[in-house]
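As structure tokens, the structure follows; a few thoughts come after it.
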Amino acid sequence: MQDYLVRAVASDGNFRIFSARTTNTVEEARTRHNSWPVATAALGRTMTAALLMGANLKGEDTLSIRVLGDGPLGAIIVTSNAKGEVRGYVQEPQIHLPSTPEGKLAVGAAVGKGHLHITKDLGLKEPFTGSVELVSGEIAEDFAHYLTTSEQTPSAVSLGVLVDTDNSVVAAGGLILQLLPGAGEEVLEILEQNLRQLPHLSSLIKNGETPEDIIKRVTKGIEMKFLESNPVGFSCQCSRERLENLLVGIGKDEVTSMLQEQGAAEINCHFCAENYHFDKKDLQRILKRIEEKD
């Protein structure tokens, strides 16, 4: 099944909900970064949250997320856009921690204490950045805290990544439910009860439930209007051309030094782990471009 995201709104306009299946997206990130289970779960949850929040973006708007904890994972960096594209990496993808007493991956301990920073570039003069302290490092709670405090939109967030014994991703997905002005107590009570009874998202997705099925579970007893659904996936904007322009930008001295010391340059994209090799001829051509520009 292809990964995709669904939007829905209560018929009376009291709340909106976004739900996504991201299994293939998270598995691609795992494969590219060769990440171990706890890093896969942390990165996968963050990427899923980025896609769900990206559902509110338009046109060329972008979203950048930094989870900066003091745990062994280091930083988690993710970007998404209005087209349902996401990319991301974790600073230390190969760490192992014992499971929690409940048998879960110890994502909170791996992330540690710190801050969540979210930057939205909406094409205005300055991007908007909001920051909150991490509540638990489990990612979903941290995003709910951010949306409720920094964006003043009471929100419930559920994110799940299920990893197999061979480290591959079995299921991944998430949902964000946001109350809108005028939401009454009765609706709140129904939603809270439904959310309490909701099984783990990753197990629902593993069993074949779709984002629509999950929305129906969460909103049982409330009339809903389903809006559009859109494909989502891992996509990096890096390219050989972009990195060549980067080399042009660092200047003559740096490129000359690369030529003299290594005779080549190797550049790795953090986001997608793609390697780009520039040999002696490439660097000489780049040097010529710099000289022509100067």
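One is the number of the first residue shown, and numbering goes on along the chain from there.
The backbone N, Cα and C atoms fix where each Cβ goes, glycine too.
Values in this document were obtained by computation on a predicted structure and should not be read as measured data.
The disulfide bond feature in Swiss-Prot is assigned to Cys236-Cys238, Cys269-Cys272; the stated evidence is sequence analysis.
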Looking at Cβ-Cβ distances, which residues of the chain lie under 8 angstroms from Cys269 (disulfide bond) while being 6 or more apart from it?
Cys236, Cys238, Leu243, Asn275, Tyr276
Across every protein chain in view, the count of C-beta atoms other than its own within 10 A of the C-beta of Cys272 (disulfide bond) is 18
A correct count of other C-beta atoms within 10 Å of the C-beta of Cys236 (disulfide bond) gives 17
A correct count of other C-beta atoms within 10 Å of the C-beta of Cys238 (disulfide bond) gives 17
